[in-house]
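Visitor: Structure below; questions to follow.
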Amino acid sequence: MPFWRRLSTKLLAAVVLLALLALAGVVLAERRFERHLQDEVIRSTALLGDAVTTVGQAALLSAAERHDFRTIGRVAALEGVERLRVLGPRGAVRFSSVPEEVGQTRDKGHRSCSPCHADREVPLSRVPPAQRWREERGPGGRRLVLTTPIYNDHGCATAECHVHPPGRQVLGLLETDVAIDPILSGVASFRRGFVSLLVIAIVATSALMYLFLRSEVLGPVAALVEGTRRVAKDQLDVEVRVRSRGELGNLAASFNDMTRSLRRLEDELNGLLAGLEEQVQARTADLRNAQEQLVRTEKLSSLGKLSASIAHEINNPLAGILTFAKLVSRTLAEGPPDDARRAVLQRNLGLVEREAQRCSAIVRNLLDFARERPMAKKPVDPGAAVEEALSLIANQIAIQGVKLQRDLPPLPQVLADFGQLRQAFVNVAMNACEAMGAKGGRLRVSARAPEGAVEIAFADDGPGMPPERVSHIFDPFFTTKEKGTGLGLSVVYGIVQRHGGSIAVDSTEGQGTTFTLRLPAMPAERPAEPPVPPIPADPAAAPARAQG
């Protein structure tokens with residue numbers, strides 16, 4: 001499995017993402033705190049500048065020789081104040097905590113004068129608060145420079161001691177340089193320490209999370225996955241061992257219970273399968289015996305139905321034989337026969353022999369039909385089986401006055417048991433005759449050979465059947481006749497099924513019934529190709545040899 005799809009990777013990624021979000025929040029808060037601290041420095045410096053301007057105003061009211069900047073000097077010595085200077089109205093530095101700057105003059109383009117004079121013909125009399133401070137970088141680091149205008153007070157401008165005209169509103173500027181690196185260095189130090197601590201916390205938390213996941217989640221899950229794979233390979237003796245007592249431990253216990261249940265069921269199933277083969281063989285033998293018994297029962301039933309017509313058919317030849325036997329006996333009792341009587345006797349004996357052979361053929365066919373044989377499939381002409389079946393019930397057909405119509409073209413052979421196939425045809429034909437009853441009718445027997453099959457149809461002019469009876473026509477012991485056994489068509493169905501065929505019924509009330517038996521045909525044998533004569537070595541010599 002790719003590492004990015006693992007549960008541990010996803011959980012660790014979530015932890016790291018949350019930690020990074022927390023880090024981003026802390027950095028944002030620290031930035032806002034830094035800006036707030038800078039604003040406080042500006043505000044404090046502005047307050048300091050306002051206080052100092054009062055002293056600067058008094059110092060600028062008199063001539064240069066009377067300037068007293070000692071108080072401003074003491075303010076410049078305060079901690080955090082790097083530099084403090086007072087500029088006169090012409091840009092001259094009147095006082096500075098750095099003595100070298102005293103006496104220097106700054107033009108209107110200097111950064112100290114630009115808030116009032118930049119790009120203007122007339123300087124501003126009032127400087128906006130946002131333009132009073134700027135940030136500069138020097139060798140000592142960053143510093144905030146706050147410019148505070150020193151305004152000409154109205155009371156002082158009208159006093160006799162004032163040396164400045166009343167129209168001048170700004171007497172000078174007070175610049176206060178405050179170092180901010182010492183103030184912000186604490187914030188930076190705090191930031192570095194906090195970020196380092198947070199990184200260490202993230203690494204430690206990730207490591208602890210990984211160890212926890214490996215012990216409580218990844219290990220049990222891997223054991224369960226391996227267990228399921230072994231179970232899929234039919235290794236039901238697997239036992240998953242998980243030390244966790246939480247949900248995964250319960251899952252492992254349930255998995256072990258499942259494998260034990262599967263082992264128990266497999267043992268029971270193997271025990272059942274051990275005797276199942278013998279049971280199947282026994283049930284198959286019982287079913288085969290039942291089918292054979294069913295066939296014998298139906299055959300006996302068919303023999304019983306044929307007995308009346310066969311007895312009538314044998315009775316006529318026997319009556320003729322008896323009559324001719326009496327004539328022969330009477331002729332011989334009258335004395336030795338002459339040539340004329342001998343000829344009559346020979347003719348009568350020939351008739352007796354012919355009738356006896358007829359009876360023998362009838363009995364032989366009946367015995368052949370009734371004989372018990374094991375099923376033996378071999379190539380059979382289905383048309384011959386139909387003809388022999390019709391000959392067995394010919395007298396029954398004649399007694400009922402049924403008109404028989406044949407349409408039996410030459411058919412391909414089928415792999416079948418001739419006796420069982422004949423019995424199936426006898427049962428279907430007799431069922432049709434019984435359906436038509438004593439009033440007779442017409443029985444049409446036809447055959448055709450669609451591709452790969454043979455179909456033989458028996459159609460009668462009987463009363464037909466409703467659909468609800470057709471659906472049960474092949475059920476054992478289902479019959480619509482008063483003296484029927486309900487086994488005839490069931491036996492036919494079984495015989496056709498054992499030969500790989502099928503049987504279909506088409507019946508309409510008042511219009512008769514058609515049974516169509518379909519059997520698989522044997523593939524036709526390809527005729528042998530004649531051998532190819534050898535090619536003579538010299539074609540021109542062949543005619544010469546033939547003539548010689």
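Every residue gets a Cβ built from N, Cα and C, even glycine.
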Visitor: When TrEMBL marks a stretch as coiled coil, which of 64-109, 248-293, 294-339, 478-523 is it?
Guide: 248-293
Visitor: Taking a Cβ cut-off under 8 Å, which residues six or more beyond the ends of the transmembrane segment (193-213) line up next to it in the same chain?
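Guide: Contacts with the transmembrane segment (193-213): 7-8, 11-12, 15-16, 19, 22-23, 26-27, 30.
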Visitor: Looking only at the coiled coil (248-293), report the model's average pLDDT.
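Guide: It averages 79.
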